[in-house]
4 protein chains.
Amino acid sequence: MSMPDAMPLPGVGEELKQAKEIEDAEKYSFMATVTKAPKKQIQFADDMQEFTKFPTKTGRRSLSRSISQSSTDSYSSAASYTDSSDDEVSPREKQQTNSKGSSNFCVKNIKQAEFGRREIEIAEQDMSALISLRKRAQGEKPLAGAKIVGCTHITAQTAVLIETLCALGAQCRWSACNIYSTQNEVAAALAEAGVAVFAWKGESEDDFWWCIDRCVNMDGWQANMILDDGGDLTHWVYKKYPNVFKKIRGIVEESVTGVHRLYQLSKAGKLCVPAMNVNDSVTKQKFDNLYCCRESILDGLKRTTDVMFGGKQVVVCGYGEVGKGCCAALKALGAIVYITEIDPICALQACMDGFRVVKLNEVIRQVDVVITCTGNKNVVTREHLDRMKNSCIVCNMGHSNTEIDVGRLLNLSCSTVPTFVLSITATTQALALIELYNAPEGRYKQDVYLLPKKMDEYVASLHLPSFDAHLTELTDDQAKYLGLNKNGPFKPNYYRY
Amino acid sequence: MSMPDAMPLPGVGEELKQAKEIEDAEKYSFMATVTKAPKKQIQFADDMQEFTKFPTKTGRRSLSRSISQSSTDSYSSAASYTDSSDDEVSPREKQQTNSKGSSNFCVKNIKQAEFGRREIEIAEQDMSALISLRKRAQGEKPLAGAKIVGCTHITAQTAVLIETLCALGAQCRWSACNIYSTQNEVAAALAEAGVAVFAWKGESEDDFWWCIDRCVNMDGWQANMILDDGGDLTHWVYKKYPNVFKKIRGIVEESVTGVHRLYQLSKAGKLCVPAMNVNDSVTKQKFDNLYCCRESILDGLKRTTDVMFGGKQVVVCGYGEVGKGCCAALKALGAIVYITEIDPICALQACMDGFRVVKLNEVIRQVDVVITCTGNKNVVTREHLDRMKNSCIVCNMGHSNTEIDVGRLLNLSCSTVPTFVLSITATTQALALIELYNAPEGRYKQDVYLLPKKMDEYVASLHLPSFDAHLTELTDDQAKYLGLNKNGPFKPNYYRY
Amino acid sequence: MSMPDAMPLPGVGEELKQAKEIEDAEKYSFMATVTKAPKKQIQFADDMQEFTKFPTKTGRRSLSRSISQSSTDSYSSAASYTDSSDDEVSPREKQQTNSKGSSNFCVKNIKQAEFGRREIEIAEQDMSALISLRKRAQGEKPLAGAKIVGCTHITAQTAVLIETLCALGAQCRWSACNIYSTQNEVAAALAEAGVAVFAWKGESEDDFWWCIDRCVNMDGWQANMILDDGGDLTHWVYKKYPNVFKKIRGIVEESVTGVHRLYQLSKAGKLCVPAMNVNDSVTKQKFDNLYCCRESILDGLKRTTDVMFGGKQVVVCGYGEVGKGCCAALKALGAIVYITEIDPICALQACMDGFRVVKLNEVIRQVDVVITCTGNKNVVTREHLDRMKNSCIVCNMGHSNTEIDVGRLLNLSCSTVPTFVLSITATTQALALIELYNAPEGRYKQDVYLLPKKMDEYVASLHLPSFDAHLTELTDDQAKYLGLNKNGPFKPNYYRY
Amino acid sequence: MSMPDAMPLPGVGEELKQAKEIEDAEKYSFMATVTKAPKKQIQFADDMQEFTKFPTKTGRRSLSRSISQSSTDSYSSAASYTDSSDDEVSPREKQQTNSKGSSNFCVKNIKQAEFGRREIEIAEQDMSALISLRKRAQGEKPLAGAKIVGCTHITAQTAVLIETLCALGAQCRWSACNIYSTQNEVAAALAEAGVAVFAWKGESEDDFWWCIDRCVNMDGWQANMILDDGGDLTHWVYKKYPNVFKKIRGIVEESVTGVHRLYQLSKAGKLCVPAMNVNDSVTKQKFDNLYCCRESILDGLKRTTDVMFGGKQVVVCGYGEVGKGCCAALKALGAIVYITEIDPICALQACMDGFRVVKLNEVIRQVDVVITCTGNKNVVTREHLDRMKNSCIVCNMGHSNTEIDVGRLLNLSCSTVPTFVLSITATTQALALIELYNAPEGRYKQDVYLLPKKMDEYVASLHLPSFDAHLTELTDDQAKYLGLNKNGPFKPNYYRY
C-alpha cells in the first residue's frame, strides 16, 4: 500500500506501511504446507503470483474468529466480506444516519448495526477484564475530558475497547489501521452507538487516508490523546497537523512497527509528546507469544493438514518464546522435537527442557515437519527444501515472512486468536491511555516508555477472575519485610518471569 | 434407514442398520457446543429438528479429510458432493464404460476417475503399511484365488485397501456400507482400475440393497470371503443367498455393531463360517481411542469454538481410553481437569495421573468445558445444563449419542481422522482376510475370533517404518530364555499394554 | 539358600527358593551405576565377589522404609539390624513370654515390642484401606473360624495385614519367607499382641524351615487357609503334611515365583485345593510397575548418583509397564529418551508417546544412562559396556538379574516402596483370603484363579478415600442401559486399562 | 559467627556473616517434614534446640556430593569429616610440607592429597566447561600476571575452578568462606599441587580470619584480583589493608549477601574498584532456581519422606522460578498442585500453566504437602499448621528461613546440587575474572556490574557440548539482517528468556 498520489509525503510513510502490513499478516498468521508434487518438481514460481497476494487479503481475518463468518470457513472466507448483495456505492458517497439522527460517521451500512452489536456482546463475554474496568473506574471517570483519536483494526474486540474508553469518560473518533480488516457490521454498531467511526472493509488507499483525516480534522474538536496501531495516524498528524501535538498528552502504540518508528523519532529528537510502548509489556508478550503459540501451532497444523502429531519428527528453528510454546505443545502430543538455535543460552534451555539441539542440516532429511520461529531470514533455504522428505510440512510461526526462502508463498493464515488474548492487549491499551492522561506533569517526558510494571500487574489482575484465581495479599508486616508496597509492583524491572 | 419395501426381510436388518448408522456418525464424530442464549432460555426443541438430521448427512464425511473438499471446509461441505453440475440421472440408468471397455461397475461418473486417482495416491502416502504389505506379499500372492465381496465406506483410504487386496491376488466386488459416505471420484478411480464397484454418494435405500446384491449375485463368480463393515452385506447373504456360505472361508467384520451381531449369531448357533472380529485388536483399539482422541479433542474444540485451553476448568466424564486421551492432551495444554468415574480402578488411575475424581454435581457450576466419554446415557442431564456457567462448552466424545440428555442434538462432527489411523484399520482387515483365507482346515471353526496376537503385532510392525523405528530382534538364546518364538507373539493374550 | 540337610526334600524346593530369592531382591530393587575407571580398565571380576552377596543381604530392606532405620541411611543400614548389643543366643534357645503370659511365638527380643508397635502405627497411616476393611467387615467377621498359616516378609506393613485378618475373625500363625527381611521389633509387637509369629532377622536355613514347621505343625490347631509369598510354605505342607490339604479351603499366593509353581502343579494335576493368583490383579500390577517405577526411577538414580536429568540422553530397554513408567518420569524431567523394543505393538506405543525406537547399538555411544526393563537376559552385553561413554550410568529396573551381562553385580537396591503401594498388595491378599474362605462350594475348583474383577475393583475403591476421590454411582436406569450390575464389575475381563 | 575479639571491627562484618551463613544453609538446602504426633501435640519447643544447630553444621555439605562421603549417607555425615583417627592438633600448629618441599599452605593433613585428587578428577568429569576453557585459553594465558586472592567454599568443584585459574596464568591464594564446609582432602590436594590454600574443616572464628589474613598479607606478593563468596574477604581487605585496593583491578562476588554489600558500598560512594555481580547472570539464575529445583524437589521429598507423589494434593506458595520448577516436576509425577501468589502476573502464568490459584486458607485442610518458595516470611503460620491434616508434609524451598513460622526448625538440607550446576557458577566466576582483568581502562568504573550478556552466552556455550548440542551460526547476511554481531550478544538486555 503506497501513499496516495494526492498526498505526497516523504518516503517514511511507505516503508512504514509495508512493514506494518507484513506485521499484520504474520503476527497472527503462521502456517502452510509444502507438498512435493508426485513428479518431485516444485512449481513455486507459477503459484507464487497467486499466493503472494493472499496474506494481504485474508491475513487480517485471522485476528479473531467472528460470527460474521460461518463457523466452517474460518480462514479463507474472503467471500464473506465481499458482501456481493451490497451495492457498490462507496460509503463516502452515501448519506447515512443512525437511529438518533447523527451522521457523524462513515461506514459501509448502518443497517448492519444490530448484527454487529451481537458480535460485540459475544466478544464481551471473553473480555471481562474491560467490563470489570468499566465498573471499577466508572465512578471516577478517569478519562473524563479525554478526546481520543484512534486508528486500529476495527473488530468486535476493538469495539469493546472503544466503548470502554467512552464509558470511562472519553470522546472517541476512530479509523481503521488496515484497509481489509474492518468488520463492517461492528463499525455500524459503533456508529449506531454514537462513536464517530470512519472505516469499512475494502477501503482504497485514498479512502484510508481520508478516514484518518476525518478523525483528526474536525472543527470544534481537538484530540488530546492518540491510540495507534502501526503509526499511520501518528505519521499523518506529524505531517499534516503538527500543531495538534501541542494539546496531545500522549501516544499509545501497540505494533512493533509503530514502536520502532517512535524510538526512531525519539532518537532523532523529534518526538514531541510522551509515548507508551504497550507492545513490550510482560503480560501482552507472554500471551502473544508463549501461550498463544502453544495452542495455535496444534490448531493451525490440524486445520490445514490433519497431520497426526504422535511420533512425528519435528524440527523447530528458534527457541524463543514462540519456539518454547510450540515445542511444549508438540512434545505433549507425542512428537519428537529437535531445536536449532543461534543463542547458546536459549540452546541450553532447550537441552534442559529435553530437546536435542541440532543444525538444520543434520535432521532435514528425516523430519516430518519444519517450523520456523526465528524472526531471521533464509532459515529454511531452497537447498533444505530439496532435501526434505516428500510430504514434509513446512510452517512459519515467526514474525518475518523471509524465514523460508521461497518468497512470501508460505505465509498463509490458518488459526485464530482467542478473544481472551485480544482482551489482554485491549486492556493494556486502555490502561496506558489512563496512565498517560492522568500522569502528573513531568512524570513522562518526550520519550518512549514501557508500561509501568504496576500497570502490567494490574492488567494481569483484571484477567484473573476469568480463572477464578484468588490472589494472596501481603500483610503489612510481610510487605515491610520484603520492602514492597502492598499493592505492587512486586518485581524489579529486570525480572524475567 | 429401513429395509426397502421391495425386499421385505425380518426386523433384524433394521435395528442393525440403525445401530450402525449411529456408530458411523459417532465413532468418528464427537463434539459440539452449547451456549446459553443471552436470555438464558435454551430453545433446544426448536433447533432439534434441524440438527437431528445433521449427523446423518454429514457425519460420515468426517471419516477423513480428502482433497475433494477444499481444505477450508472440512466438515460441513455437503455441498461439495452434490456436484450440482452433474446431471440428476441415477447411476443405475447410465451406461458407463471405463477406458478398457469394461462396464462391470456402477458409479456416479467414470470421468472423475483421474481426480479420484490423485486422492488415492495422496492417501497412499500415509498408508505405507499397506504398500509395504503389497511388496512383501506380492511374490507369493497370498490371496490368489480369493474372491472377496466387500461392503465398506468407499473412500480414498478404502481404495488403498481394495487395491492392496487385488495386488495380493484377490478378485474384489465392492459396495458401500453407507448411502452418504462414498467419495464418487474414488469409486470412479476404482472402476477405471477394474474393480467391480457399485456405489455412489446419495444412494436411495433401494439403491443401497441393489448395489450389495450386484456384488454378491453374479453369474460365474462366487465369493469365498466377506469383508463387512456393519453387517449389512453379511445379513443380505444370510437372507438371500445362504448357499454362498458353503464356499465362504470366513467373514472379516470391523464395526462394533457388526461384531455384536456375529456374536449373537454364534450364540444362537447360526454362524456357519469363521468370523474375525478386527474391531477389538489391540492396535486398532489404541489408535481409535487413546491416540486419536488425544489429538482430536483439541482439534475439534478449536475448530468449533476457538476456546483457549490454558487455565480452563474441564470435567471429563469417564476415564477409559478415550477419556485418558482427552485428559492427557488437555492437561498438557494447561487446562485444569476433573474426572468423574463409576469404576474404582479407572478412578484410581485418574488419581495417580494427577486428576481429582469428583461427582459431576460438585464441579458443574465452575467448569468451562464438559466432555463426556462414557458410552453411558444421561450422563449430563437437563439439570446439569441448567446449572452450568453461561458459555460453558459441552462436548460428546463418547460412542453413544445419549450421553447428553438433549436428544441427538449435540452430536456434530468436527474433526477428521488421520489417514494413518485408517491405515491401521485397513491393514488389520487385510491381514484378517489373509489369515482366514490361508488358515489350515480346522484352525478356525464356526465362531468369532479375535485377531491372533501375532498378526496384531504384524500390523504394528508394518507401521513402524513410518516412524523410522527400529525393532530389536531376540537372539536365539534370549528367545529360549523367555520361552518365546523369535518372531512373536511376544505377549500373553491377557497382556494389557 | 539350599534345603537344610536335616530335611532332605527333592530338588524342587531349591530351585524354587533360588528363583524367589532373586525375585525378592530384584522386584523391589533396581539400580546401580557403572563408572569406567580412569584407566578404562573395568575390574568386574575382582569386585564381583563383594557385590554378589550384597543383594542377598540388603535387598529386602528396600521393601519399605521404616523408622528402625535412621532416615538418613535408607538402603545400606545392615548395621541397624545387627543389634550388636543383643546377645548372640539363638531365639530358639530363649525362653520368652509376652505380657499376657503367652510363649506361643519365637522372636528375637520380645522387649522390642513397643518400638515395633510404633512402626506398625505409622504404617497404618498409609494403609487406611485395610483399616477401612476392618471397620466395614468387623461386624460380620468374614474370617470367623479361619485358621490362616502365613509365610511372608515380616514388616510393619505385613503386620497391619495380619492384624486385619485377626480383626476379621481369623486365627493366624506366621513365619518369614526370607531369612533376612524380618523387622525384629515388628515381630516382637505381633507376638506381644498375641499372634503366633516365628521369625527373626538372620535365620539360618535350618531356622527357616523350623519356623515354618512350627506354624503348620501344632497340636490341636489345623490350618484351613494358606497365605504364601514364594511357595516355601506351600511346598513344605505338600512334602511333610499332605493331609493338611484336606482341610485347606484355598491358597493365596503373591509372588511370581510362587504363582509359577502353582500353575506347574495345576498343569501336572497335583494341585489339590483352589489357589488365588493375586500377583496379576490389575490394581497390584499397575502399582507395582507403572506407578511405582515412575517415581522410583528418579529417586533411585538421584540417591545413588545425584545425576542431573535435564538434557541427559537415556536409553530405556523395554517399553512394558515398567519402561512406560520410567520413560514418563524421565521425559517430564527433561531427559531425551530412546527406546529399544522387541514387540512391535509396544514399539508403536513408544512412537506415539514421543520416543524414538532404536537398536541399542545405534545410541550406545552417545547416551548418558542405560536402563533395562525387559525381564530378558543379556540385554546389555559386555560389548555394549565397552562402547559406552565414560561415566555412563547403567541401571537395571527389570525383574531379572541377567539383563546386564556382568553377573549380578549391578543389582543394588536403592529406592524404597511407598507403604501405599504395599497397602494395595496387602488388601488384595486379605480380600483373596475372604473370597476363598467364603466361596460357596464349587465356585473354585482345584485350579489357579485370578482375583475376580469385582474384588480388584473393591481393592481400588478402598484406596480412593486417600485421594479424597468421589466415585459416581450408576442409576438403575444407566446400569440397565449398560447391562451392568450397579456395584460392578464394570469392565469385561479382557479390558486393558 | 561473630568477629574474633582480637580483631575488633565495626558491626558490619557480623551482620554480613549472619546473612551469609543463612544464605549458605538455605540456598542449597530446602526441606523437612512436620508430622503431627499421634497425640496431635506438636512439641516444637523441645526439638528446636537440637535442630536449630543442624543447618549450621551440615548445611554446607549439601553443596555437592563427594566420595569422601559414602554414597549411602549423603546428607548427615558430619561424622565422616570428624576424622576421629586424626590427631587433635590445630593445623596452625603443624609443620607440613608437600612433596615438592613447599610449606606455603595450611591444611588439616597433607597426606590426604591423593584422595582429594581423586575427588577433583571426578568433579572434572561434570565440569568439562572449565576444562574446555583451560584448553581454549591456555595458549594466550589470559590471566598471566593475575594474582588472585580467593575466599570460597573449598570443595572438589572449587578446586577445579582454582586449578583452571592457575592454568590460565594466575597465581592464587585461597581461604574458606565458611568454617565447616572445607573438604580437607581437597584442600590437601590443592596444597600438594602448589596452591597456597589456608583452610580446614572446623576452623574456629579466630582461625577463619587468620586464614584470610594469611592469603592477603604476604611479603612480596600483592593481590590484584579478588574472588569472594559472601564478602568476608572483601570486608577484611577494606578494614585492614585498604592500600591493597590500589592494585586491585576488580572484585568478583557470587553470593546474594556479598552482592548486596557491594551495592551498599557503591551507593555510599565507598566502592573503590569495579565489582562484578555474577549471582544475577541469566545462566546461573536459571540453573540455581528453575532447573535445579525441578529436580531437587522430588529428590528431597523422596529422600526424607518416601512420599508417593501420584495423586497427592500439594500447595506451592510462590510461583517464581523456584515455584515454577517445583510445580512442573510435581505435576509431571501426578500430583495435583495448587498455587498461592501475591503477584498477579505470576498468578496468571500459573493459571495458563494449569494450576488453580488459591489462598492458602482455602486448601490448607485438604493438602498432603505444603511447599514454600516465596522469600517472604510467615507464609505458613502456626494457625495453618494447626489446621493441616495429620502427616501433612511441610517443605521450605525458599531462600528465607522465615517462610514457615516455627523458627529455623524446618530448614534441613536433604538434597545435593549436581556438579554440573556448580560448573555453571564456577565458569561464570572464571570469566568474570578474565573480563575484569583484561578490560581496557575505563570500561568498568567503581561500580557493580552484571556479567556482560556476551559472557553469559559464552558460559552457556561452554556447557552445550555436555549435551552434544550443536549451535547454529548466523551467516553474514543473516547477522546484518538482524543487526547482530555473529558472535553475539544475541538478545537485548531486557530479554526475559
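Using the three backbone atoms N, Cα and C, a Cβ is placed for every residue, glycine included.
What TrEMBL annotates here:
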REGION    C:53-103  region 'Disordered'
COMPBIAS  C:64-83  compositional bias 'Low complexity'
BINDING   C:Thr155, C:Asp229, C:Glu254, C:Lys284, C:Asp288  substrate binding site
DOMAIN    C:289-442  domain 'S-adenosyl-L-homocysteine hydrolase NAD binding'
BINDING   C:Gly320, C:Glu321, C:Val322, C:Gly323, C:Lys324, C:Gly325, C:Glu341, C:Asn411  NAD(+) binding site
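Here the features listed in TrEMBL are placed on the structure.
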| residue | record | Cβ neighbours (10 Å) |
| --- | --- | --- |
| C:Asp229 | substrate binding site | 26 |
| C:Glu254 | substrate binding site | 25 |
| C:Lys284 | substrate binding site | 21 |
| C:Asp288 | substrate binding site | 22 |
| C:Gly320 | NAD(+) binding site | 23 |
| C:Glu321 | NAD(+) binding site | 22 |
| C:Val322 | NAD(+) binding site | 27 |
| C:Lys324 | NAD(+) binding site | 24 |
| C:Gly325 | NAD(+) binding site | 23 |
| C:Glu341 | NAD(+) binding site | 29 |
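Note: C:Glu341, taken in sequence order from the binding-site residues C:Thr155, C:Asp229, C:Asp288, C:Lys324, C:Glu341, have a C-beta within a distance under 8 Å of a chain B C-beta. For C:Gly323 (NAD(+) binding site), the nearest neighbour among the listed binding-site residues (C:Thr155, C:Asp229, C:Glu254, C:Lys284, C:Asp288), judged by C-alpha distance, is C:Asp288. Within 10 Å (C-alpha to C-alpha) of C:Asp288 (substrate binding site) lie the following binding-site residues from C:Gly320, C:Glu321, C:Lys324, C:Glu341: C:Glu321.
The number of other Cβ atoms within 10 Å of the Cβ belonging to C:Thr155 (substrate binding site), over all protein chains shown, comes to 26. Calculated from their C-alpha atoms, the gap between C:Glu341 (NAD(+) binding site) and C:Glu254 (substrate binding site) amounts to 28 Å.
In this structure the alpha carbons, written CA, of C:Glu254 (substrate binding site) and C:Glu321 (NAD(+) binding site) are 19 Å apart.
Cβ-based neighbour count (10 Å, all protein chains) for C:Gly323 (NAD(+) binding site) stands at 30. On the backbone, the CA of C:Val322 (NAD(+) binding site) and the CA of C:Thr155 (substrate binding site) stand 25 Å apart.
Taking the C-alpha positions, the distance from C:Gly325 (NAD(+) binding site) to C:Asp229 (substrate binding site) comes to 25 Å.
When the binding-site residues C:Gly320, C:Glu321, C:Lys324 are ranked by how far their Cα is from the Cα of C:Thr155 (substrate binding site), C:Glu321 comes first.
In space, C:Glu321 is the closest of the binding-site residues C:Gly320, C:Glu321, C:Lys324 to C:Lys284 (substrate binding site), judged by Cα positions. If you measure from the Cα atom of C:Gly320 (NAD(+) binding site) to that of C:Asp229 (substrate binding site), you get 24 Å. Under the three-state DSSP scheme, C:Val322 (NAD(+) binding site) falls in the helix class.
Secondary structure from DSSP puts C:Lys284 (substrate binding site) in a helix. Largest Cα-to-Cα span within the substrate-binding set C:Thr155, C:Asp229, C:Glu254, C:Lys284, C:Asp288: 19 Å. The separation of C:Asp229 (substrate binding site) from C:Lys324 (NAD(+) binding site), Cα to Cα, is 27 Å. Rounded to a whole number, the distance between the Cα atoms of C:Glu321 (NAD(+) binding site) and C:Asp229 (substrate binding site) is 22 Å.
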